[in-house]
Amino acid sequence: ADCRYTCHQECRSLIQLDCRRPGQWQSQLSPESTLLPPHSQNATQTVEEEKPEPPTVQEIKQKIEKYNAKVTNCLLMKLNDDGTYTGFIKVHLKLRRPVTVPAGIRPQSIYDALKEVNLAEMTDKRTSFYLPLDAIKQLHISSTTTVSEVIQGLLKKFMVVDNPQKFALFKEMRKDGQVLFQKLPLTEYPLYLRLLAGPDTDVLSFVLKENETGDVEWDAFSIPELQNFLMILDKEEKDKIQQVHRKYERFKQKLQQTLKEARGKPG
C-alpha cells in the first residue's frame, strides 16, 4: 500500500520487505502496514478465503451446453471424460514494437507443426519486423492451458524468438461505451474466462500486447536488440530535428517575405 511493491496474491506469504527504511515512506509506515513474514499463517488464510471454489463437473457441463447453444461458427467446446474441456479462443495481436524472428526461414508447415519441428533453431541469424497491426490468431486450447502457455504458443506459431516475459495477455471488455483492458496473470486459464463470458467477442476478447511494467527490463533484451533500439532512437531524433528545422525555415521565409513587402510602404 505504501511502497507500491507488486506481487501475486499467492506469493504474498513468501515476500519480506523492510519498508521502514529512512526516507519518504518512514512517516507513512507502521509495523502493521508491512507484509507479513514468510509462511505466515494469517497471510495463507487470507489467500484461501479469497480464492473461489472450483466449479464441479456438472456445473462445467451446464456452462458448456449453454455456451454451445450460442455458438454460430461451429467452434464448439467439448467436455472430456476426465472433466477437462477444449475449445477455441481468438487473440488479437496489438504489438507496437518490432519482434525478433529467424532470418531466411520458410513459414512453418502443417508437417512441421505435427512433428513439433522448431525452425527457429535451424539458424542463428536474426531479423526484426513489425507484425501486422491487430492481426488475429485462433488457438485450440484446453481448460488446463495457462496464460503463460498461450503466450509461448503464439510466439512459436509466429517463430518469434523474443523472451516471453516481454509480452502479456490482456482481456478486453466493453462496458458503457468504454473499452477496458486488464492484464491477466500467467497462471490464469483463458478458456475458462471464455466459457464464463460466452462466445460473443464484444463481451470479452483477448489481446497480446507488450508487457508494460512501468520500468523497462533491459536484461530481457539481447545485445543486437539493444543496438537496434539505439538505431531507431537515433533515426527518430534526426527526423525530429529535421521537422524543427523545416518549421522554423518556413517561419523565416514568411518573415523575410513580410519585411520585403513592407519596405515599399510608408510607415
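Just so you know, glycine gets a Cβ as well, placed from its N, Cα and C.
Listed in TrEMBL:
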COMPBIAS  28-43  compositional bias 'Polar residues'
DOMAIN    127-213  domain 'Ras-associating'
DOMAIN    215-262  domain 'SARAH'
REGION    28-57  region 'Disordered'
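If you take every residue in the domain 'Ras-associating' (127-213) and average the pLDDT, you get 88. Break the domain 'Ras-associating' (127-213) down by DSSP state and the numbers are 22 helix, 33 strand, 32 coil.
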